[in-house]
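Colleague: From Swiss-Prot, for reference:
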- 28-341: topological domain 'Extracellular' (TOPO_DOM)
- 270-331: region 'Atypical EGF-like' (REGION)
- 342-362: transmembrane segment (TRANSMEM)
- 363-748: topological domain 'Cytoplasmic' (TOPO_DOM)
- 416-689: domain 'Protein kinase' (DOMAIN)
- Y489: phosphotyrosine (MOD_RES)
- D541: active site, proton acceptor (ACT_SITE)
- T575: phosphothreonine (MOD_RES)
- T580: phosphothreonine (MOD_RES)
- Y588: phosphotyrosine (MOD_RES)
Amino acid sequence: MKTETHNRQCIPLAISVLSLFINGVSSARQPPDRCNRVCGEISIPFPFGIGGKDCYLNPWYEVVCNSTNSVPFLSRINRELVNISLNGVVHIKAPVTSSGCSTGTSQPLTPPPLNVAGQGSPYFLTDKNLLVAVGCKFKAVMAGITSQITSCESSCNERNSSSQEGRNKICNGYKCCQTRIPEGQPQVISVDIEIPQGNNTTGEGGCRVAFLTSDKYSSLNVTEPEKFHGHGYAAVELGWFFDTSDSRDTQPISCKNASDTTPYTSDTRCSCSYGYFSGFSYRDCYCNSPGYKGNPFLPGGCVDVDECKLDIGRNQCKDQSCVNLPGWFDCQPKKPEQLKRVIQGVLIGSALLLFAFGIFGLYKFVQKRRKLIRMRKFFRRNGGMLLKQQLARKEGNVEMSRIFSSHELEKATDNFNKNRVLGQGGQGTVYKGMLVDGRIVAVKRSKAVDEDRVEEFINEVVVLAQINHRNIVKLLGCCLETEVPVLVYEFVPNGDLCKRLHDESDDYTMTWEVRLHIAIEIAGALSYLHSAASFPIYHRDIKTTNILLDERNRAKVSDFGTSRSVTIDQTHLTTQVAGTFGYVDPEYFQSSKFTEKSDVYSFGVVLVELLTGEKPSSRVRSEENRGLAAHFVEAVKENRVLDIVDDRIKDECNMDQVMSVANLARRCLNRKGKKRPNMREVSIELEMIRSSHYDSGIHIEDDDEEDDQAMELNFNDTWEVGATAPASMFNNASPTSDAEPLVPLRTW
């Protein structure tokens, strides 16, 4: 019975012993995954931890994470954590001692001492910390519980400091001082401010601060002490270690094969060094590098590093094979099979690369070939062969009529960039370009092509290219390799006459002398086209938007989109009506027969514009006199020409010249073409007017009443035509005239 009773009493004891053993074994396991390892932006590695007791080694390593602002604190010493290093270092925030900074008194405000003492405390103050003082006329003192440890004095007297160069390097006493803390200091530290007798008056010496910190300061980056007072704290470095006297602390860590008799212990992954501090032993553990990295305080926390993936393995092995080993790597000669695979890989890669380049090259060749075929097709369709034949017959004029390649014009206009557009009209878009020789040109890209008129177009290009007159925009050549022909003209930079004459926002006022000079130049150009050229050429669209001005206000007639050449024995052209409202010859509109006198009528409207400064058509005028020509004829009939002369030139003009030009304009606007002067007569008469050898007699001859009634096409008339026509070719803005265009022939 006694034996049975004894056995029953031993069972609970055995269970207790087994429980202790199991607990001891379980303590060697990793902390559970539920343990939080981050607080804010600060990592909390084991042996530190947040949460339950199994998340950290012992209470000295417990970290409390403030749920409001995610700020970590070391629980036992109640200090905010800055960072944790597994190399045995933590940084905490320690308060700043201050005097005379904000309280109105010079009495120091000393914070509670830094206390890291206690049974089993692993923390101590390292010798990386400095005692720093910033301010004037005081001493900063660091003390333990019973005695002063170190101190330094800060003064604003430059005689008490070293040279300027020395002051710039360290805080050596001028406005700031610092001193290193000796090793082996107690675990309770305070920082005080001592003010000499006579300097403790309120406000005397200003703000003074003193603090411990592991940060480095010099007189260059130390500003006013108020900055440190406002900051409120400084970073202090604490060392930490394991107390080997308690097996409960040493048992859970990975590097646990240690004994008190050996100064150094290591296994294949991690090592621990032993030492003594304040009468007790400690050890510091770390992963053996460079072969391992990780956390040595966790079972299996040090993991192997694959050096073959790093520069150290690649650089050392070079042409050999890098083989990763536990804790290191080895360079071994490449095996034949392995070398064979490498060669095969290089060959396959090279073949694929060559294949890709071949496919790309073939694609570019096909694209280039297609483009070349398309360009040749367009060249033939647009009359390129005929133009070549024409140029071959006129060897002396080859340069004047050049055939440009599409590549040249694409380069000149930056691939017809929309930012290069000078203007747009019914016949096409005009771009500003620069040729390889530096010449600035206007490149007109047509919108439509009439394949039935190819031969006529080529003949006219050749004729127009031979025109060489200083008051006519020069056709430099064309490109026929595009879907629609592209014409290249000389560039005229100063815009069109319409804009300069009618734009009220323009500060420039065109004087009468300039207007008369422009009229003479236009007349001379038209006279040249009608009589002096190889074949008479009728412009068919004379208007102020087609008169361009260069930098010297020299007129240049442009836009030959609707012009036609005739043989010498021809007196007129029978065509579909083309032109612009306000400028179209009424006789031409009724008969569809365009003569040289039709250009004279349009020029007469331009003369009236120069005289009056008004636009060729306006809805402001009365219904019957909406057109400028009719309005002018009505003024002539009522003998009030002077009333409609432009106010901007009345005060400075020669009135005899004005009346003479008005008389000439009236004759140009005669309804019957036979009664109008020709352009040569107009040009000579204008020259005579300018030389003041012409007497107008002030009186302007008037035609009969029948002429007056049928002088101009009214807007009330019903025409079976559309309302779209070419705009100005080279000016930088859209046409500003109120003239409404008719539909032109489909031209180039």
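Using N, Cα and C of the backbone, Cβ positions are placed for all residues, glycine too.
Describe each of these features in terms of where it is and what it packs against.
Modeller: For the transmembrane segment (342-362), same-chain residues at least 6 beyond its ends with a Cβ under 8 Å from one of its own Cβ atoms are 334.
Secondary structure at Y489 (phosphotyrosine), as computed by DSSP, is strand.
Within 10 Å of the Cβ of D541 (active site, proton acceptor) there are 25 other Cβ atoms, across all protein chains. In the three-state DSSP assignment, the secondary structure recorded for D541 (active site, proton acceptor) is coil.
Its Cβ placed at the centre, T580 (phosphothreonine) has 26 other Cβ atoms within 10 Å.
According to DSSP, Y588 (phosphotyrosine) sits within a helical segment. All chains included, 24 other C-beta atoms sit within 10 angstroms of the C-beta of Y588 (phosphotyrosine).
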Colleague: For D541 (active site, proton acceptor), find which of the modified residues Y489, T580, Y588 come within 10 Å, Cα to Cα.
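Modeller: Of Y489, T580, Y588, within range: T580.
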Colleague: Tell me, how many other CB atoms lie within 10 A of the CB of Y489 (phosphotyrosine), whichever protein chain they belong to?
Modeller: 24
Colleague: Looking only at the region 'Atypical EGF-like' (270-331), what is the model's average confidence as pLDDT?
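Modeller: Mean pLDDT, the region 'Atypical EGF-like' (270-331): 80.
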Colleague: Could you state the CA-to-CA distance between Y489 (phosphotyrosine) and Y588 (phosphotyrosine) to the nearest Å?
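Modeller: The Cα atom of Y489 (phosphotyrosine) is 29 Å away from the Cα atom of Y588 (phosphotyrosine).
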Colleague: Quick one: Cα separation, T580 (phosphothreonine) versus Y588 (phosphotyrosine), in Å?
Modeller: 12
